[in-house]
Amino acid sequence: LIKNGEIKILRDSLHQTESVLEEQRRSHFLLEQEKTQALSDKEKEFSKKLQSLQSELQFKDAEMNELRTKLQTSERANKLAAPSVSHVSPRKNPSVVIKPEACSPQFGKTSFPTKESFSANMSLPHPCQTESGYKPLVGREDSKTHSLRGDSIKQEEAQKSFVDSWRQRSNTQGSILINLLLKQPLIPGSSLSLCHLLSSSSESPAGTPLQPPGFGSTLAGMSGLRTTGSQDGSFSLSALREAQNLAFTGLNLVARNECSRDGDPAEGGRRAFPLCQLPGAVHFLPLVQFFIGLHCQALQDLAAAKRSGAPGDSPTHSSRVSSGVETNPEDSVRILEGFSVTALSILQHLVCHSGAVVSLLLSRVGADSAAGEGNGSLVHRFSDGDMTSAPRGVADDQGQHPLLKMLLHLLAFSSAATGHLQASVLTQCLKVLVKLAENTSSDFLPRFQCVFQVLPKCLSPETPLPGMVLAVELLSLLADHDQLAPQLCSHSDCLLLLLYMYITSRPDRVASETQWLQLEQEVVWLLSKLGVQSPLPLVTGSNCQCNVEVVRALTVMLHRQWLTVRRAGGPPRTDQQRRTVRCLRDTVLLLHGLSQKDKLFIMHCVEVLHQYDQVMPGVSMLIRGLPDVTDCEEAALDDLCAAETDVDDPELECG
């Protein structure tokens, strides 16, 4: 009888654990479904706005073509009908009524045409003529000849306008990308844009709108260094001009090429809409790589100068003196940071809109064959010899694209530096990596293996909170692959442990409470994803110190979320409050899963006992009062509240 009772208890416990796991899976599925639905709604809204803008653009284009056609027709009419007009003047003959809509360009017209007028404009326009029934006998033969000529001319113009209209319609994505790239400024708070990168050189006079002070001397000094240090001069003025010419070519190609969706890594990925190829966007990469590489080289020079103790002893200083240009390494870094942030912003737009750029950055084949159009050699030339002092492991993979190497190199440098601009560099690097991982398929995610060697520096206490949120988003994307998920806790610097310590300590004193809640929600959803996908969840499946810290971190996050909901008062009304309640429920399920799998769960709760005792009754009352509370959540709350009483015994023994 006793054995049967034990078996029954074990069977009930097993069923309860399975039901909790099933609830976690269902909760994760619902969360992913909500995210997918929200993303789908945003995509639909964006698609509607895009169609509206496209329609307005077509109407405006048709209006411009109409004005251009009327202007050309009017000029030809004035030349051909000059003799007849001299005999019959409209002023002297009031019976001649000229249509101003058909014979004169309407320069004052600013409104868009209606759909009916737009459809009428797409048909063959009528020749410029007087009102029927009022044409005088004088010059009738000349008018017939002019009518035939005008009819053929306008037919050609209408056909050309029709072709231009279809070309514009098929290249909407290219137009969006060009508009984003030409935005001034590219980043709020910055004065730089793509125009500055296309117009910058050491030959431009300093102080001009497109030439910031000190950039010319910095570029000349770097050019002298690279010319003496390498045979090809990766940062020479000729290389900059070549990169700028390629970028101009890329602008033209993106504006003219049709949107192709064949063979890009994003196909079959997690996007609701396939990513356009836009192969012309690849031509921007040499210019982006030039300024990112220039910034990396300046950071290396500054590190060498600090190691030597005196800037005058550094090889950079001597090379710049020999080139006749004096530039302090710190000044060079400060000048180039703004250009680097602008280049990273351009790269982010390219990764968001061009499948060809995503394919090239993640390709393991030579850039010469992937880039095409003769720009692959330039891409390689910019990177050869520039990664000699990169952090260990960053530049080891020879199969990486050179620009991806530089991006990781710059990410490692900016993680260890301080300052507002360096924080912007770190944030922009992570934004590029997040978009790159988001726009690629699961088959290409193993190419992000190299990122794990740099991420420990990004999760340090010195990292600002926006950068930490982006790092967690990147980890959540990489955790979708079975090969990458175990590596979150497989290095000497455990990424999960660093993340837990950052959350419990809250080192960023400038960040707002809303930003901290966003980070905590991202972490909870990351742990929920890991707990559902892995047969031995990473949160409890190793002997790492993160097994202890995860209990503390989840308890602290649960306490903060509960305080936020309690301060709001009443049921959740806003989307932010509903997300907080959803995150609180997921945190409860995570804690319950830990209590079932971690034999030392009670001991691990001792350090946060006061918060655990305070939060569990309030959380239990809050969740049980929700209309959609589930049986698994009630069972989890029962177990956690029972564990609360068990925690008191070790506490008393310690006392």
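Numbers here mean position along the shown chain, with the first residue as 1.
Every residue, even glycine, has its Cβ placed from backbone N, Cα and C.
Note that this is a predicted model, so its numbers are computed, not measured.
Per Swiss-Prot, the stretch carrying the note motif 'EEXXXDL motif' among 361-368, 617-624, 633-640 is 633-640. Listed as Cβ neighbours of the motif 'EEXXXDL motif' (633-640) (distance under 8 Å, sequence separation of 6 or more from its ends, same chain) are residues 16, 19-20, 23, 585, 588-589, 591-592, 595-596, 616, 619-620, 623-624. In the motif 'EEXXXDL motif' (633-640), the DSSP tally of helix, strand and coil residues is 8 helix, 0 strand, 0 coil.
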